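Have a look at the structure below before the remarks.
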Amino acid sequence: MVVINGVKYACDSCIKSHKAAQCEHNDRPLKILKPRGRPPTTCDHCKDMRKTKNVNPSGSCNCSKLEKIRQEKGITIEEDMLMSGNMDMCLCVRGEPCRCHARRKRTQKSNKKDNLSINSPTNNSPSPALSVNIGGMVVANDDILKSLGPIQNVDLTAPLDFPPNGIDNKPMESFYTQTSKSDAVDSLEFDHLMNMQMRNDNSLSFPMSANQNEVGYQFNNEGNNSMNSTMKNTITQMDQGNSHSMTLHDIDEILNNGIELGNVN
C-alpha cells in the first residue's frame with residue numbers, strides 16, 4: 001500500500017486480488033483505495049445537526065462528496081469557486097456552519113377530535129338509543145316509559161291454567177284421551193295369551209330381520225302346554241331367518257283365526 005499525502009494508493013492487480021494492503025508497486029499505475037463501507041455524502045456538520053429534532057438535511061448535503069472530488073483534482077474550494085463561477089458554495093469544510101441543512105417546517109396539526117366534538121349536530125340532543133322520533137319531534141324514552149305506569153308483578157311460580165273451554169271449544173281431556181281405534185291396545189283380543197305366565201324360563205321373542213313378504217317368530221319354550229295349539233303350530237312353522245317385526249293387528253289376526261304359515265325357502 002502506497003500512501004501519498006495521507007491518501008492510500010494501490011495497483012490494479014493487487015486491488016483485484018484483494019492484496020491492496022501489501023501492495024508496494026511504485027512502478028505501476030496506482031488507484032486511490034476507497035474506504036470500506038458505504039461512502040458518506042454528508043459532512044460532519046450535517047451529521048451532528050441531524051441528531052437534533054429540528055434540523056433535516058433531507059439528503060441535499062453533498063459537501064463531503066464535493067470535497068473528495070476536489071482532493072482528487074488537487075484543487076482547493078476557492079479555486080473550485082472561481083472555476084465554476086459559483087461564489088456561494090458552502091464553506092463547512094473550513095469550519096463554517098453548513099448551509100445545506102434546513103430547519104423542519106412544523107405544520108399545525110388539526111385536531112379532528114376537537115372539531116368533531118364542536119361541530120357535532122347531536123351534541124345537545126339526546127342519545128339515539130334513549131330517544132324516539134315521533135312526527136319529527138324527538139321524545140325521550142324516559143317520558144314514554146313513565147306514561148306506561150308501573151309494571152305489575154307476575155308470579156312465575158304459579159301453574160298455568162288452561163281455558164275452561166279448551167282449544168277451539170274442545171275439552172282439554174280429549175287431547176290426552178283421544179286415540180285411534182287402530183292404535184288402541186285395549187281393542188285387541190288376547191284371549192289366547194291370557195293363560196300364559198310371564199316367567200324367566202317362558203319367554204317370547206320377536207326377530208327383527210327384514211323381509212316384506214314373510215314373517216316369523218322364535219318361541220324359546222316350545223313345551224309350553226298353556227298356549228293354544230293353533231298358535232304354537234303357527235309360530236313353529238315360521239321361518240326364523242326371513243322375518244320382520246309384526247304389528248299388533250297381525251298378532252290379533254293370528255290368535256283369532258289360527259293362520260298357519262308354511263316354511264319359507
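These residue numbers are counts, starting from 1, taken along the chain as shown.
Glycine too: its Cβ is placed from the backbone N, Cα and C atoms.
Per-residue pLDDT, averaged along the DNA-binding region (1-40), amounts to 83 for this model. Positions annotated as DNA-binding region by Swiss-Prot, on the basis of sequence analysis: 1-40.
As annotated by Swiss-Prot, Zn(2+) binding site applies to Cys11, Cys14, Cys23, His25. According to DSSP, Cys23 (Zn(2+) binding site) sits in a coil region rather than a helix or strand.
Annotation comment: Swiss-Prot describes 119-128 as compositional bias 'Low complexity'.
Summarising the annotation, Swiss-Prot assigns region 'Disordered' to 103-129.
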Cβ-Cβ under 8 Å with the DNA-binding region (1-40): same-chain residues at least 6 beyond its ends: 47, 64-65, 71-72
Coarse DSSP state, helix versus strand versus coil, of Cys11 (Zn(2+) binding site): strand
Residues within 8 Å of the Cys11, Cys14, Cys23, His25 Cβ centre (excluding the Zn(2+) site residues themselves): Val2, Ala10, Asp12, Ser13, Ile15, Lys19, Ala20, Glu24, Arg28, Leu30
Count of other CB atoms lying within 10 Å of the CB belonging to His25 (Zn(2+) binding site): 14
